Amino acid sequence: MIIARKKLQLQRLWRQRGCRVATYICLGVLVLFGFVYNSKGNSMSSIKSDSAAQQFDDLDDLTNKELPGGPDPNTIFRGSELGNYEPKEPEIPSNQPGEHGKPVPVTDEEGMAAGRAAEKEFGFNTYVSDMISMNRTIPDIRPEECKHWDYPEKLPTVSVVVVFHNEGWTPLLRTVHSVLLRSPPELIEQVVMVDDDSDKPHLKEKLDKYVTRFNGKVIVVRTEQREGLINARSIGAKHSTGEVVLFLDAHCEVNTNWLPPLLAPIKRNRKVMTVPVIDGIDSNSWEYRSVYGSPNAHHSGIFEWGLLYKETQITERETAHRKHNSQPFRSPTHAGGLFAINRLWFKELGYYDEGLQIWGGEQYELSFKIWQCGGGIVFVPCSHVGHVYRSHMPYSFGKFSGKPVISINMMRVVKTWMDDYSKYYLTREPQATNVNPGDISAQLALRDKLQCKSFKWYMENVAYDVLKSYPMLPPNDVWGEARNPATGKCLDRMGGIPGPMGATGCHGYGGNQLIRLNVQGQMAQGEWCLTANGIRIQANHCVKGTVNGFWSYDRKTKQIIHSQKRQCITVSESGSEVTLQTCTEDNERQKFVWKEFYQSS
């Protein structure tokens, strides 16, 4: 009865003209909406097709609340089969020294003298390098699994940017040769060599003539004045036409099948930056070897509060989603020298901050910017690149000589990206408090434009393992030069690690004489802690995860006291040695006056 009554009411309602008109209108709207939605879907499909044509999937890992840089389903492990980009034939060694990355010994006096002269001029032994083939073979020290990965057939093209200033001839050109020798030719758009105002004759007309053999694949761009590594890299990126810009230092050798593993994560998400494993090339013998010992030992990049680069084991959280030890993994930061990044993404990020000079701090500026602005950084175990570590810096900072360039750079990074966490940098580097970072308004505007996240978000979601090794620093109680008026000497770490603390003439430049003593009793110089070892004070690595100690400063007696030993730091009568002795208030060699030292820009 109820159903019949409802049916009769509906029939009466339908007979009313207004109701019928309203129904027809609703049906029409639904049909029109369906047509528009379908057209929009087709339009979106077209956009996706265009994106695919650019070789980027541009997937957003954050749709699943995942950080960018997770496992790539399009990179497939083939088990016992060789991967699709693995070389089919081994490289043929030359009959020159140094093949297979072996060291080249020099024992004659004339050769050793030539090596010393070369090292003084270039920071490494180019005398030995000149004996070695440009196309020498090097050992494949990748993890065994790396030989069995398939990468997408369509990978983005690459512009390799190599910046140099007064570089040695063969190390520079061996870098270029190795890239062209060990890369799929269809992926190398160009090699861009950026000459940062070199004045050595071999880097002028001779170099221009040499690169013509590469038939336009290698170009030389010259700066009009000394720009420094950071700005010169941005210049190189602006001259690049490849979809990805890949930066190498000017003294590298790339290893077997190094390139596809770097490109696959970028293809999946264009906002991911990739970093190869860096192997070592000895600056004297030119031996190629692993830095980490085992090829299966992987580390991610972190930092301590003075913004010194450190490495640590991969976190359990990051390991959990990796089925294979050879898969890429996320890293909070990177060492700065070697990496690949989508060219247009790099441009959106403003390249490097134009206010950063020469070198120093750029790896943090880029790392913080990438992570906080929606991108990610991954280390790639299957991509290996050898790098020569110089014995010393063989050239000056040019017009920036005498300026605290690195401190200025760091302050720009700190003030732009670290928010309230900047206080920990200034606790670690108090002398930089008054350093003027220059105008950072453009960087702050970029951060606002890109809607970048806070540094607190970065520390909690990306760099969460930093605090395990490097906790937030308590305030300094006293810091600066600790001068003993009786001798006129200042406490000095003396440079040895481990090594005893001494006392030397106060020079006013900070360095080994810039001591910090925090409110929890830890005394340190730079990243080194000063601890009691018998009656001596020893400089050594700080115990990771600690910020406390046994030191205190008595402002009344002016003594530096070790509470556990109940002894005071004492300068010897000769004024050079420092020991712990029984505290005596009238002992003038136990009194210290602290003078804070500030850098100026």
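From the backbone N, Cα and C atoms, a Cβ is placed for every residue, glycine too.
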Residue among His384, His387, His392 sharing the Mn(2+) site, where Swiss-Prot lists Asp249, His251 as binders: His387
Selected from Cys373, Cys382, Cys452: Swiss-Prot disulphide partner of Cys146: Cys382
Cys452 - recorded disulfide partner, Swiss-Prot, among Cys373, Cys542, Cys568: Cys373
Cys146 (disulfide bond) to Cys452 (disulfide bond) - Cα separation in whole Å: 35
Coarse DSSP state, helix versus strand versus coil, of Cys373 (disulfide bond): coil
Collapsed DSSP category at Cys583 (disulfide bond): coil
Listed in sequence order, residues with CB under 8 A of Cys583 (disulfide bond) and six or more positions away: Thr557, Gln559, Ile561, Arg566, Gln567, Cys568, Gln590
Cα-nearest neighbour of Cys542 (disulfide bond) within the listed disulfide-bonded residues, Cys373, Cys382, Cys490, Cys506: Cys490
Tally of DSSP helical, extended and coil residues in the domain 'Ricin B-type lectin' (477-595): 6 helix, 61 strand, 52 coil
Nearest of the disulfide-bonded residues (Cys382, Cys452, Cys529) to Asn135 (N-linked glycosylation site) - Cα to Cα: Cys382
Close in space, distant in sequence - Cys506 (disulfide bond), Cβ under 8 Å, 6 or more apart: Glu481, Arg483, Gly488, Lys489, Cys490, Gln513
